């Protein structure tokens, strides 16, 4: 019985805190806070005519008071239950502390009239209170399963939980960023000092929520609760998109919605680790070749090489935030991503059509749709042409002519120059072919500015010099495949020692060039610090490849190089946003 | 500070490109037997690609110097 009371109280407490945040958002959006000049009581209730603003401000205080009482009640119950596990006790004990500081911040805000300066801390503390309650309540409602699952299932669960934490973080930032929009003068809000605006935070939250949903679907599709929560998180973030386009006063709803997503994502992060794990994980690699073929739409999607494109789009989007023009509009980013995907996907499909004779001889690629006969070369080619043509239209209509030109150049570079000629004729294939993969940052840059600059060309050079260490690491591991397929990759033509040496040299040039952005003043010292740390790790991996040359060090470099490029662009964006 | 950093980067790139050109020069004369079906890379073309990349990198460094001086 006491457990039932605690569970119900925890759920009610979380909901009350959420309602308090929603009502707070409405108070800010309607500028009702100043109606009550006293604190904690509102004397105007008895001396002034009862207006909606007055009732809203007073109602918010009443709800906050209720939420505090319930949070303290829960904390008292938890305090008396040392048998409860740490994940339940700690958050539920901390929650009222956040609440008390938040209430105090509210008092200072009213007493001193510092609405713009303190609103961020006020909301942030409320979110922390809600977050603590969401984590504690989820842990309370979902005990740890008695049976332990295998290593792979646990790894997948941790991955899902990690993604959900990141999604929660992004939605928390989104809620804070939205709070600036609902004030009369957003620039005066402390939230304007955040390193990202509401549009950027929404885009990031959307990407992370999509990833979380995908991971849930992939690893826990039998668990309807997890799937439901992950889908709800994604859906609520999608609902935020039209809300963000509404007038600032209506953005109060957006803050409440973001707070709801924040709580739901945190609950998902906890549930992912505590829900019973599936007895058998869906196995992809071990599936026999005689298995049923994947659906046709999946085959066509795979022709576009979505995994490769994701990194290209990171560099495209990153470059869009680095220009002198400031933060681009969300719509421009959206259409550039669409156009970029279509261009890279179209080029990828054409590459699959041309390369089917090579792909069939390589273990890594032999099960692609064209070499395995599920899609004909002709259809793959038509598909590639259609996507490429669409990309040109999208880029021309929604971005700039130069961005469209660079994007189209990228299609020809990859699909013909690299695929048809370089790849089959010279060990320099990856070096010169790297130019195709280095074009996306130029697409992003020119989509915003309509022109090129030295900084943009440096971004090109960074990706260009990143390509050989990355792909030669893969080629070292898969050199027998390349030899069988007749591709003159450097390890096949010149041997492992030469390849490992050139990987090291290219890595040194790459790291040096990455620091050039600070030297010419295009990036600040925050970027320099980040790039230096990432670069040292890259050089360490390349050094290990050169000195040891074992599979572990080669795979280590291959995997780290993917992370390196993504993080380098993230650090660039952080540096740029901090400078705004 | 930025000037120092710039010239340090130039020095690293110069040494790196020299090593790459030297490697391409060495490989130009290499006559190892390749696996069946793997085409023999044209040595002079490979060297030309390497030198061309180095030249373009030099042009980029020159552009960077102009940006730094501006």
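Each position is counted from 1, following the chain as shown.
Cβ from N, Cα, C; glycine included.
Feature annotation from TrEMBL assigns transmembrane segment to A:53-78, A:90-114, A:120-141, A:162-184, A:190-213, A:225-245, A:332-354, A:375-396, A:402-418, A:454-477, A:503-520, A:557-574 (among others).
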Positions whose Cβ lies under 8 angstroms from the transmembrane segment (A:454-477), at least six residues beyond its ends: 315, 319, 322, 430-431, 433-435, 437-442, 445-446, 489-492, 496, 499-500, 502-503, 506-507, 509-510, 513-514, 516-517, 520, 522, 538, 542, 545, 549, 551, 554-555, 557-558, 561-562, 564-565, 568
Considering the transmembrane segment (A:120-141), which listed stretch of A:53-78, A:225-245, A:503-520, A:557-574 counts the most C-beta pairs under 8 Å: A:53-78
Which of A:53-78, A:225-245, A:503-520 contacts the transmembrane segment (A:557-574) most, counting Cβ pairs under 8 Å: A:503-520
Long-range Cβ neighbours of the transmembrane segment (A:503-520) (under 8 Å; 6 or more residues past either end): 454-455, 458, 461-462, 465-466, 468-469, 472-473, 527-528, 531-532, 534-536, 538-539, 541-543, 545-546, 557, 568, 572
Residues of the parent chain within Cβ reach of the transmembrane segment (A:225-245), under 8 Å, 6 or more residues beyond its termini: 160, 164, 167, 171, 174, 178, 181, 198-199, 202, 205-206, 209-210, 212-213, 216-217, 251, 253-254, 257-258, 260-261, 264-265, 267-268, 271-272, 275, 330
